[in-house]
Amino acid sequence: MSETTNTNEEKKPPLNGRRALPSSSSNDEENEVPEMEAFGLVPRGFNPKDYLRVVDIHMFKDPQEINKQEHHTDKYYNPKLIVRRGQHFQIQIDFNRPYKPETDQFWLEYLIGRYPQQNKGTYIPVLVGDVLKPGEWGAKITHKENNSIRLSVMSSATCIVGKFRLYVAVWTPFGILRTHRNSATDTYILFNPWCQQDAVYLDDEKEREEYVLNDVGIVFHGNIDDIKFRSWSYGQFEENILDACLFLMDKAELELSGRGNPIKICRVASAVINSRDDNGVIAGSWDNTYTYGVAPSAWTGSVDILLEYYSSKQPVRYGQCWVFAGVFNTFLRCLGIPARLITNYSSAHDNNANLVLDFFLDDEGKVDTKLTKDSIWNYHCWNEAWMTRPDLPVGFGGWQVVDGTPQETSDGMYRCGPASVQAIKHGHVCFPFDAPFVYAEVNSDIVYSRREKNGIQVIEKIDTTHVGQLIVTKEVGGDGMVEITEEYKFQEGSQEERLALETAVMYGIKKQTTRDTMYQPQTDVDMDFQVQKAVLGSDFKVTINFRNKSRNYYTATTYLSGNIVVSFTGTKRCLFSFLFLPSASAFDVVIKSSDYLNDLLDQASFHFFVTARINETGKILAIQKATVLEIPTLRIKTRGEMIAGKEMSVTVEFTNPLKQTLENVTLRLEGPGVLRTVKNEFRQIPMNSTLTWEVKCIPKRPGLRKLIASLNCDALRHVYGELNVQIQKP
């Protein structure tokens, strides 16, 4: 460790201003609670054992017991009680003698953090009464037998989400007697989408099962003409994941008193998911160098990433958009906030939020990479979280965009959201947080322009429909894809869409006009191109079509540049450029595997630009498209009986299709409830040979589960396989 690292770890002096107690932003820290709190001088003959005394507390915290069943928390691999706020739960207290309500007085105390205060919601005394009010703290005796009483305890629907310490306090004439500190009675309180008074209430049971309780999801990737999908293990119920998620809020230094508010939690989490300015969970890398880390495409789920961060407290290397979104989804679902992962195809990264992506062409019509700073991703993943927005006008609650991928800073940190999807659709980008950036991601226009020698900027083409063509998520209750584009934008060209754009402009989005520039496009010639579907490692062709709608005779000088999608800053590597004069209206360009294989990176994805200068008029036509090559898949098979608690066998197979030997290959396999992530490394897989890897495991949970595998090496990434397995009850 270097000296600089050590100095970073020294505690900064707390900035308390005029507050009486230091700020409290750690769920882990505790205070000393006195077991005997005397009212004054205690008489000599006082013996605490003469009074009502707590012998034991039963939390009914096993997965099959009433609390975890009724609170939908039975899947968490955690021995402590986990309940959802605003809903009653049961505990039993055993005393040293029968409880007498006429003379005995006791209450519960829930504490969180090091400086518990009642007005901050970090110290909660719960009195025993006759009635439980929905969504408010209270307790009521439901059953008495011998020395025991059964209590029904109601928590507030707005209370802090985190791990509380429980004490039982008994009143005596000389002071308060408390139970000693017992970590076995610690109680986790989570958000409650089943409770109408909770800010994250969701009224559809199937949606709650999907967006809160499903621990596996689908990431849609590829491009709009060739949509691909892969499974992702969220694993929000796995061992230590709940503690890891609570630690993220400590790491972000979110005050405990703010942890009942899903808006605040999402805002700080979108910053701490990435490592850019706060040493958060995942370090991003978009340049294909993954030394001392794991390639983003190799991860199969969130569990390994969160557990590694929780133990090392150092950023985990490496992630790209779907990794940030996968881990964020785990965090949200784990705490009880309904969440889903979204993919936006042809997603804009607009550097200056002017709703225009500027592509600058040089004199020959080729894209000038030095001047062009904006970029388009063939896809980008973010999350939506479900909550009310009492800080906004009525109608802007529901799904909110949150994005942990570091793209632009917001209030000085790399974070994004929560931004209301409804506000984005209607152009109300004045509402917090970061709505203008998200609006630009789905609504920007692409402007191709070049500067003449006299300094006048000439716009050659404006494409208003390329960006945000398709926005999708996983369907509820299945693995299919659902289009949600219309939740973000009205139909292109409709009156509503114009109105939404005018609203966005009125609220301060800079919409560049074409007034200061010359714009006289060539309208009588259309150009398009198609890319042949091809398997990685084979040759394929690009077909460029011209349609001359006039009676004039035209010739065109055409450039095709095939850029490999490399980096997040829009830098791309040019492979080939050439020039010819077409006489026909369509022609083919063959891309040889030898041209691209050595350079092909993570996504097996090309971004093609075609620009054509019409020689007779000097006008330029321009178009761009992404394409993804077909990548081989892994085959997963199982052998033997699949019964919870009994050993079973899983086999992963892979055949190398490339014309080269694959070296230093890593295979990963995981399945929530079936097996924790296992890894294996293979030095070589020769061309056309098949690799077989067998893993033995003991599934823990019955039901329909999913096995997910990935293969990774320098020459081949994004190789996945998956298999649904039905685990029987023993």
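Cβ coordinates come from backbone N, Cα and C, glycine included.
Some features that TrEMBL has for this protein:
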ACT_SITE  C321  active site
ACT_SITE  H380  active site
ACT_SITE  D403  active site
BINDING   N443, D445, E492, E497  Ca(2+) binding site
DOMAIN    313-406  domain 'Transglutaminase-like'
REGION    1-33  region 'Disordered'
Near the Cβ of D403 (active site), how many other Cβ atoms are there if near means within 10 Å?
30
Of the active-site residues C321, H380, D403, the one whose Cα sits nearest to the Cα of N443 (Ca(2+) binding site) is H380
For the recorded Ca(2+) site, whose residues are N443, D445, E492, E497, find every other residue on that chain with a C-beta no more than 8 angstroms from the centre of their C-beta atoms, and list them by sequence position.
T464, T465, V467, G468, K489, G493, L501
Pop the Cα-Cα gap between E492 (Ca(2+) binding site) and C321 (active site) into the table, whole Å please.
27
Entry from the binding-site residues list D445, E492, E497 having the most other CB atoms no farther than 10 A:
D445
What is the interatomic distance between the Cα atoms of E492 (Ca(2+) binding site) and H380 (active site), given in whole Å?
21
N443 (Ca(2+) binding site), Cβ-centred 10 Å count of other Cβ atoms over all protein chains shown, is 24
If you measure between the CA atoms of H380 (active site) and D403 (active site) and round to the nearest Å, you get 10
Count the other Cβ atoms sitting within 10 Å of the Cβ of C321 (active site), across every protein chain shown.
25
Average pLDDT across the domain 'Transglutaminase-like' (313-406), rounded to a whole number:
91
Distance between E497 (Ca(2+) binding site) and D403 (active site) at the Cα atoms, whole Å?
24
Rounding to whole Å, the Cα atoms of D403 (active site) and D445 (Ca(2+) binding site) are apart by 22
For a quick check of packing: other C-beta atoms within 10 Å of the C-beta of H380 (active site), how many?
26
